[in-house]
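Trainee: For reference, TrEMBL lists these features for the protein:
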COMPBIAS  272-284  compositional bias 'Polar residues'
DOMAIN    27-492  domain 'Citrate transporter-like'
REGION    258-284  region 'Disordered'
TRANSMEM  7-27  transmembrane segment
TRANSMEM  33-52  transmembrane segment
TRANSMEM  59-79  transmembrane segment
TRANSMEM  180-204  transmembrane segment
TRANSMEM  352-384  transmembrane segment
TRANSMEM  396-415  transmembrane segment
TRANSMEM  436-462  transmembrane segment
TRANSMEM  482-506  transmembrane segment
TRANSMEM  527-543  transmembrane segment
Amino acid sequence: MALASTVKVVLGSVAFAIFWVLAVFPAVPFLPIGRTAGSLLGGMLMVVFRVITPNQAYAAIDLSILGLLFGTMVVSVYLERADMFKYLGKLLSWKCRGAKDLLCRICIVSAISSALFTNDTSCVILTEFVLKIARQNNVPPHPFLLALASSANIGSSATPIGNPQNLVIAIQSNISFGEFLLGLFPAMLVGVVLNALILLCMYWRLLSVEKDEENVSAEAISEEYVASHRFSPAIMSHQTSLNSQEWNSMVQANSVLSSPNLNGNTGHGETLRNQTNSSDSDGNSIVLKEVKGGEYFSQTREENFPSRRSASNGLNGTMEIMNALEDAAPVQSAEEKQGLVKRWKRLSWKTCVYLVTVGMLIALLLGLNMSWTALTAALALVVLDFKDAQSCLEKVSYSLLIFFCGMFITVDGFNRTGIPSTLWSLTEPHARINHVSGIAVLALVILALSNVASNVPTVLLLGARVAASAAAVSPSEEKKAWLILAWVSTVAGNLSLLGSAANLIVCEQARRAEFGYNLSFWRHLKFGVPSTLMVTAIGLTLIKG
């Protein structure tokens, strides 16, 4: 495609530059409006500057990608409600054998969850778990945060629903879910293992510091104390002697109160105390006195009549206790039944959520339309929930959907200036995938552009051109070119802190957490450069066309 008129080239470049600055640096001092508004601004300027027409702008918005993105986000919201990510968090610490074991678990769990539920969602949910576990093991959290973000990026490369750029590639290339998975799974698997080994080598000494035994003991005692602590009822100090009939009444009351059905039930104890501490018609009251072993005995006390007490008062008090127990027992049974019904309903609903998700994945593997499959699964979960879906739909990132709309328009306008085609025509002869050197050049171009312009715009700018170049060499190479683009543009996000939205999410979530930690740009870069180069290079040799 030849360059457009000079006016269109200049104005289109200005609009794209504004979009790029706000996408990469959303809080610039001169226009701190954020990524979403910056994306809309770039798209609007393309129309206002007449680089594209309004109809062309509407046509540039890919509804298939938006539908797939919306559906997967809704499914992720319901999976979070069904405690899926809570179970993943527990899996991180289950029978953990130290910091090194924990780091490897984070890499595996993060990669798998990102491939199935998108890398951004996994990072949002798991960051706080990682911080808490690192604090429990008394080690700095940055190795674990790096493991979470980097493994999420690598793992998300294996499926079309793992990240936004893969969504774009899957829709534009018409590669099925199964073909995508088979083509990139070996590279993803080796990449996750290699990434974990790099982290272990870099932070071996740091991860070898064992937790202080005194701190472990103190924490164990504290947790045991909280779990076992119980409050006892107040002890009435005023006592009087008991006659034989009262003693017999006390023994009967004691046998009832110390029965297994009452031990540990504070709710009944409170009801019983409230009922038996009230004064009877003669001014006498029944008092429960705690003795060794957690048992109680009853005693009567006389406040208004210091004269001799009737032996029947003790019996009357005991009858009051028996009546109170009989009244309380049905209440307990009803409450237990109600709680059991709620638990079964909750369990049934969670099972349905998991089954719908598995069904969605099976449908995707069978090659059904990805957008409508995700939307169908999302609406099935809404119906099964059987309540107003507003609270769940509010958790969907509509700002991300709007960002994509603006980005589609902006990138399409920039493509119409002819600048990307001109630059690609200079690079294309050296970046053909039928040679090792060509694959290396193509990977470096994608790697650099993904960190400069972000990975999704890179895919939108290069996708069709890379595929056309590969198809010119051999039709069978076209799919491999798309998969190379997916692999390199995704792993490129690990190069720097700004290279991927998942990195920024982990950084921001860690900073805002209860035990906040600031993951610096340079600390990430120190790990990101060697990891990205090595994982990308080895993964390229394993991609199947």
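From the backbone N, Cα and C atoms, a Cβ is placed for every residue, glycine too.
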Trainee: As a test of reading the model: what is the averaged pLDDT for the domain 'Citrate transporter-like' (27-492)?
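Mentor: Overall, the domain 'Citrate transporter-like' (27-492) comes to a mean pLDDT of 77.
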Trainee: Determine which recorded stretch among 59-79, 436-462, 482-506 has the most C-beta pairs below 8 angstroms with the transmembrane segment (180-204).
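Mentor: Comparing 59-79, 436-462, 482-506 against the transmembrane segment (180-204), the winner is 482-506.
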Trainee: Answer with yes or no whether the transmembrane segment (396-415) touches the transmembrane segment (527-543) by the criterion of at least three Cβ pairs under 8 A, sequence separation 6 or more.
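Mentor: Contact criterion not met.
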Trainee: Using a Cβ-Cβ cut-off of under 8 Å, list the residues of the same chain that are 6+ residues beyond the ends of the transmembrane segment (396-415) and lie near it.
Mentor: 1, 12-13, 15-16, 19, 23, 35-36, 38-44, 46-47, 51-52, 56-57, 60-62, 65-66, 69-70, 73-74, 77, 164, 421, 456-457, 460-461
Trainee: Hey, which bits of the same chain come close to the transmembrane segment (352-384), Cβ under 8 Å, at least six residues off its ends?
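Mentor: Sequence-remote neighbours of the transmembrane segment (352-384) are 63-65, 67-68, 70-72, 74-75, 78-79, 81-82, 84, 116, 160-161, 170-171, 176-178, 181, 392.
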Trainee: Residue list, the transmembrane segment (59-79) vs rest of chain: Cβ under 8 Å, 6 or more residues beyond ends.
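Mentor: That would be 52, 85, 117-118, 121, 160-161, 164, 167-168, 171, 353, 356-357, 360, 370-378, 381-382, 385, 392-393, 395-397, 400-401, 404-405, 408-409, 411-413.
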Trainee: Would you kindly list the residues that approach the transmembrane segment (7-27) from elsewhere in its chain, counting only those six or more residues past its ends and only Cβ-Cβ distances under 8 Å?
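Mentor: Answer is 33-35, 37-39, 41-43, 45-46, 49-51, 406-407, 410-411, 413-414, 416-419, 452-454, 457, 498.
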